[in-house]
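S.K.: Here's a structure for you.
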Amino acid sequence: MQVTPQSIWSDIVKIREQFPLIHNITNYVVMNNTANALLALGASPAMAHAEDEVAEMVNIANALVINIGTLSPHWISGMEKAILKARELYKPIVIDPVACGATALRSTTMQTLLQLANPSVIRGNASEIKALVSANIKTRGADSSECSDAAIEDALQLAQTYQCTVVVSGATDYIIDNKDVTKIYNGHPMMTKVTGLGCTATALIGAFVSVNSDIHQAASHAMAVMGIAGEIAVKKSVGPGTLQLHFLDTLYQLDAQQLMNYLKVEAV
Ligand SMILES: Nc1ncnc2c1ncn2[C@@H]1O[C@H](COP(=O)(O)OP(=O)(O)O)[C@@H](O)[C@H]1O
Ligand SMILES: Cc1ncsc1CCOP(=O)(O)O
Ligand SMILES: [Mg+2]
């Protein structure tokens with residue numbers, strides 16, 4: 001398994017040709033942004049959380065993204081139904097444990113959903129990944145209070161527990177499973193000043209796993225695209241407001257040459 005400009009580009013072409021439907025049960029804060037990011041990449045987003053329709057939506061979707069950013073009881077039931085249907089149909093499930101460790105509701109819900117889901121990928125920042133492993137870790141909210149390097153051991157443990165790929169995002173993005181560790185060095189600190197770019201990363205992972213069954217490679221491709229689009233967009237931006245706009249436009253215009261010019265990856 002390698003992560004190269006060519007391997008990333010090959011997946012982007014597939015996404016743009018196949019227009020995969022990505023079903024997101026996500027949060028109020030980022031719904032619009034993540035839908036737009038999926039469209040800009042070339043995928044087709046659907047945001048649906050009602051208990052009465054999620055199974056039908058999963059039925060036609062190519063991947064399911066579960067994000068616990070703004071939880072409530074009915075949403076949790078919807079997430080459970082969607083997960084059960086996705087498992088029945090062998091569709092990939094990607095999980096974002098937003099602010100896990102900040103409140104008991106988030107931590108307990110996440111444990112229940114993870115056991116139910118058998119996820120393909122869990123993507124969080126360092127604080128969230130650590131909180132998933134140790135119940136005594138308390139986080140301050142959606143933003144990480146630690147560097148991604150601090151969660152490598154926890155990510156490995158999580159990957160072993162759920163037999164899945166774990167992504168820890170941050171200055172360096174770590175993509176970790178039982179066998180491989182991939183590090184992506186792309187990105188820019190200003191990305192942490194735009195709410196929802198972590199959730200966007202998780203949604204893009206959904207798009208990549210829908211066209212690439214090598215889950216570790218697909219997740220690495222998504223994080224590389226996030227970082228590269230972020231870096232290019234920052235150059236055109238004067239702050240987080242314009243970064244949000246330029247990020248979408250850059251994603252839409254991303255080409256093979258830019259991947260060659262910008263990719264900074266290391267496989268361990
Ligand atoms: N210090 C940083 N330097 C470069 N890129 C970063 C940095 N922090 C986060 N990113 C990038 O921002 C995106 C969102 O990641 P992150 O901020 O860790 O997620 P979250 O919003 O869930 O906390 C990712 O693509 C990540 O690579
Ligand atoms: C701020 C906030 N609060 C609940 S969900 C959410 C968005 C978090 O998005 P991200 O983790 O991608 O910054
Ligand atoms: Mg997040």
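Numbering starts at 1 and runs along the chain as it is shown here.
Using the three backbone atoms N, Cα and C, a Cβ is placed for every residue, glycine included.
So TrEMBL lists these for the protein:
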BINDING   Met47, Gly196  substrate binding site
BINDING   Arg123, Ser169  ATP binding site
S.K.: Who sits close to Gly196 (substrate binding site): which same-chain residues at least 6 apart have their Cβ under 8 Å from its Cβ?
M.R.: Val29, Val30, Asn33, Thr34
S.K.: Filtering Met47, Arg123, Gly196 (binding-site residues) by proximity to ligand 1: which pass a Cβ cutoff of under 6 Å to any of its atoms?
M.R.: none
S.K.: What is the number of other Cβ atoms found within 10 Å of the Cβ of Arg123 (ATP binding site)?
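M.R.: Counting Cβ neighbours of Arg123 (ATP binding site) within 10 Å gives 31.
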S.K.: So for Ser169 (ATP binding site), how many other CB atoms are inside 10 Å of its CB?
M.R.: 28
S.K.: Among Met47, Arg123, Ser169, Gly196, please name the binding-site residues whose Cβ is nearer than 6 Å to ligand 2.
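M.R.: Close enough to ligand 2 are Gly196.
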